[in-house]
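Residues or ranges marked as active site by TrEMBL: Glu449. TrEMBL lists His448, His453, Glu506 with the feature Zn(2+) binding site.
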Amino acid sequence: MVDSQYFLPNDIGISALDCTEAFRLLSPREKLYAHYLSRSAWYGGLAVLLQTSPESASIFVLLQRLFRKQPAAQLESMATAAGLSPEEYQAFLVYAAGLYANMGNYKSFGDTKFIPNLPKEKLKALVWQSQAFQDSPSEMEALWDSCSTLLFSLEDQQKQLGLGDKGVTTYFSGNCCLEDAELAQKFLDSKNLSAYNTRLFKNKSEEGKASYEVRLASAVQKGESAMSFLKSYDCVFMVSRGDYAYLMKKVSENLEKAKEHAANENQKRMLEEYAQSFTFGSIEAHKEGSRFWIKDKGPIVESYIGFIESYRDPFGSRGEFEGFVAVVNKAMSERFAKLVSSAEVLLPELPWPKDFEKDRFLLPDFTSLDVLTFAGSGIPAGINIPNYDDIRQSEGFKNVSLGNVLAVAYATQKDKLTFLDEEDKSDLFQFLQWSLSGPSFEVQVGLHELLGHGSGKLFVQDEKGTFNFEQDNVRNPETGEQITTWYKGNETWDSKFSTISCSYEECRAECVGLYLCLNKHVLSIFGHEDEDANEVVYINWLNMVRAGLLGLEFFTPESKSWRQAHMQARFVILRVLLEAGEGLVTLKESTGKDGRPDALITLDRSKVHTVGKAAIERFLCKLQVIKSTADVEGGRALYEGYSAVSDTGSHNFLRLRETVLLRKEARKMFVQANTRVKGHVELVEYEGSAAGLIRSFTERFADDAEEVEAHLLELNKRDAPFKALLRPRHATALPMPASD
């Protein structure tokens, strides 16, 4: 039998993101601006298929062709004729919806593969019965043959994303391992190139030397050769342009159209630089666009686009494409503005010396948004961007909280609040119902994004030898000794801490949220006083320790690796609070009313402000000191130690993991609207169901579906087979722009 974690359940939650009122209030010009930004995001989001797995793009095209010819309701009769039961057909619809929602056949939250919950021969019979097959039998058969084996395969290496023998990745060719990734990072650093918009392909040795191709995502494909020889390691690196070329061209074209409807000069310059970035593969141009984006304060239509988050790169340096377009929720944004204005008062409350904090806190925008479009592998609750360290440290950043996402993502049923006693379950359920219609759930999100990701200084010695801190005077508060390590030249947080950087930083931000939510001034900003405030604190901490237990779902024992940065972070926090002792947190295994293994986690609310605060204070200071000083060795020892999952010690976490898997709830999926221009911009919405999600995607590319699908297959063909040694696709590119 196949483990149920590799199926999406037929009753999985699927909800429509409501943005009707927000869109209605936009002016005609703002609607056109939002429309073309959305088109740009959706085209770019297709690159995620190519960033996820070798088969994802082909599966996507197969589904598009099936459902473009016959909507879900019509295809059902074909399913019946092919011998599928109603449950099996629903399982197929859920699988298709999952492929679209995750932009690939691996879960965006957890990086686990999912397959259709029906026999392979029955799905093949359905494809053969379909109108798409009747119209183009040879093409559909070839498409099926190209992806059907991997579509259903659950070989050990294919069960999760990872590098080398730990899983599947398309950020690297199949013959790459961790040592290749480390070597490539040294090369990129030496050339002052960012890894964000790259992939790495290792070719057959030439004259005994390893040969690597670094591909930049760009519309432009041709140019001068730019071969570099890394003498210290006896290998050759070649940098080429043209990855996802067709998609990057579509992204740039729609950005240029959006520019015609921009509200101000900052937006125009921002879009110009973004288009330059996607045309030529220049991260420097994207950084310049991000600078204009930061300067665009309080826009009605907010957006960001590019190769942003590095969670799914096994090495932690390459960004997955995402693009969002959203409309400001003014009422909620006012509360965040108050938090921003209090930031300079709250930052000194954090438990590290002032030398470890930025010299000047650049007040950012912090807005609550209703999402119109979020293209990529998943939709977060909040974002703190840009991720470029040099810009964040000296020029600023923006924070956004996605209000209509929060309203859907955290709605749940009381009986699905596992591992809590009945009193805590009732309290948390009531809190969730209340918070989804008010500001209370925004406390942790706001603190996490603004003062978590927005705080802390990196100690840097630049290429000229200049330090941004007083090297002779700054002391390590943990040891009292002089600082001996720091970032040098082009080194960044991601490049130094690589595989642990994402989760470590999420853990630091979560700890800031827990620590500062104890501050009465913070709670009053969000309208919480007295008993109301105490309840918010308790539920916030309870939610975190429960999330730490739930995080075990995302640990893979076979490879001893974590598949989700945030959930690893929450497990680490649970370990820290358990270690604090004194009855602050208790975790016990039990037997449920159904006779199956269960667990109970409790938090002593009377000790949160004492034992809990002291534990988080100590741990948070350690996290920041290690990050500031680029102490990679110390950081790995600390973080990997708390991340360890074993069957020894006071808690058998490996056995608890099995219990968590037994009682897990599938993550919700979102149905997003489309926009189309028919004299004016129309908002097209869909029902919150698998069929609605499928329809939203088939109509998303209705005008050029065949062209898009053909190019996706061609791009996929150039990369295939990822699990074998790849030959260079196009090895002549690159007059590197001076800005790079």
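Cβ atoms here come from the backbone N, Cα and C positions, even for glycine.
Taking the Cα atom of each, Glu506 (Zn(2+) binding site) and Glu449 (active site) are about 10 angstrom apart. Within 10 Å of the C-beta atom of Glu449 (active site) sit 29 other C-beta atoms, taking all shown protein chains into account. Working note on the binding-site residues His448, His453, Glu506: by count of other C-beta atoms within 10 Å of each C-beta, His448 ranks first.
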